[in-house]
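Novice: Features from TrEMBL:
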{"type": "SIGNAL", "residues": "1-16", "note": "signal peptide"}
{"type": "DOMAIN", "residues": "32-227", "note": "domain 'Neurotransmitter-gated ion-channel ligand-binding'"}
{"type": "TRANSMEM", "residues": "228-247", "note": "transmembrane segment"}
{"type": "DOMAIN", "residues": "235-321", "note": "domain 'Neurotransmitter-gated ion-channel transmembrane'"}
{"type": "TRANSMEM", "residues": "259-280", "note": "transmembrane segment"}
{"type": "TRANSMEM", "residues": "292-315", "note": "transmembrane segment"}
{"type": "TRANSMEM", "residues": "369-391", "note": "transmembrane segment"}
């Protein structure tokens with residue numbers, strides 16, 4: 001019990017001593033020495049202040065492709081040397097460091113210069129800066145960063161986007177302040193960083209640059225889209241809709257449902273084009289291959305509607321017609337070989353063979369040819385676009 005009382009009074013005395021030392025030190029710095037937070041913290045006003053900058057992210061919120069805005073949560077590690085915030089530790093109870101609000105000391109006017117919103121000061125008055133006895137200042141402003149990120153949707157949904165965070169001293173020139181890189185490997189990521197459901201962080205980088213007379217540090221982050229959601233909810237239904245468009249020619253031309261079916265499929269492609277357009281930025285510099293594919297399918301669907309209308313008119317005719325095309329002859333002969341009965345007859349001439357068929361049989365033959373031709377074209381088109389998109393996306397990334 002006696003030992004506990006002695007320890008209690010010892011700790012209480014130590015805390016009281018540290019508190020009084022802090023007050024004395026603060027009075028010495030801000031009243032006796034008249035520290036001015038608006039003054040450059042160097043004794044030689046012409047000398048350059050070197051500021052170390054490091055960015056740490058702990059959450060990737062979203063990348064809005066339409067507005068081209070990247071939203072993240074993180075904080076900056078900013079450190080510099082203040083020649084007017086120094087003291088002798090022995091005179092203040094061996095006090096090694098103190099905490100002060102960021103608004104009470106000088107700090108570099110670093111801002112996110114590619115901010116999507118209005119320019120604002122980093123951090124808040126709730127954030128305390130750490131000042132050591134030798135004048136080293138460490139400031140860690142926490143921020144929700146809304147930065148402008150131009151996107152290229154050419155290889156959507158296998159695209160990779162590279163976004164930048166451009167930090168610079170807005171008012172001071174390079175001979176006044178110079179921004180340096182602390183972590184040369186890029187952006188530091190918290191171990192507990194929350195994974196985004198759409199994007200995966202592939203790599204990060206950082207570089208120090210100069211823009212006119214201004215010192216800048218540019219952090220870059222490369223994001224890879226997770227394509228599963230788009231494949232399941234957009235690409236797969238689009239492929240199935242393409243197949244439905246082809247099977248228009250499997251419906252008898254004299255059926256009253258055929259024209260309604262083709263128009264419905266055409267409208268569905270228009271709806272898909274609208275949905276894809278709403279999820280992509282309004283840009284003429286880069287057009288998604290998916291947009292191109294949908295427009296091609298919309299054009300093909302228009303041809304299917306027109307061709308179906310013409311065939312519906314032909315099938316309403318009476319009588320017979322003849323064909324002289326070798327391909328159509330082979331198709332008719334093949335189809336007749338499977339038929340049990342036919343009302344057509346074959347008339348042979350000395351020079352050539354002409355096959356006489358009814359208009360219904362003629363339309364059925366045209367349907368057969370168009371179906372297999374369009375099916376082959378669609379298979380080749382889908383395969384070529386898929387392989388080209390994936391290959392080109394990987395090649396572009398490896399080139400970077």
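In case you wondered, yes, glycine gets a Cβ from its N, Cα and C as well.
Just so you know, TrEMBL annotations never went through curation; they're auto-generated.
Owing to the predicted nature of the structure, the values given are computational and were not obtained by experimental measurement.
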Novice: Going through 228-247, 259-280, 369-391 one by one, which has the most CB pairs that fall under 8 Å from the transmembrane segment (292-315)?
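Specialist: The listed stretch sharing the most Cβ pairs with the transmembrane segment (292-315) is 259-280.
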Novice: Reported in the order helix, strand, coil, what are the DSSP residue counts of the domain 'Neurotransmitter-gated ion-channel transmembrane' (235-321)?
Specialist: 64 helix, 2 strand, 21 coil
Novice: With Cβ-Cβ distances below 8 Å as the criterion, list the same-chain residues six or more beyond the ends of the transmembrane segment (228-247) that contact it, or say none.
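Specialist: That would be 156-157, 198, 262, 265, 268-269, 272, 275-276, 290, 293-294, 297, 300-301, 304, 371, 374-375, 378, 382.
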Novice: Do you know the mean pLDDT across the domain 'Neurotransmitter-gated ion-channel ligand-binding' (32-227)?
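Specialist: Averaging the confidence scores along the domain 'Neurotransmitter-gated ion-channel ligand-binding' (32-227) gives 88.
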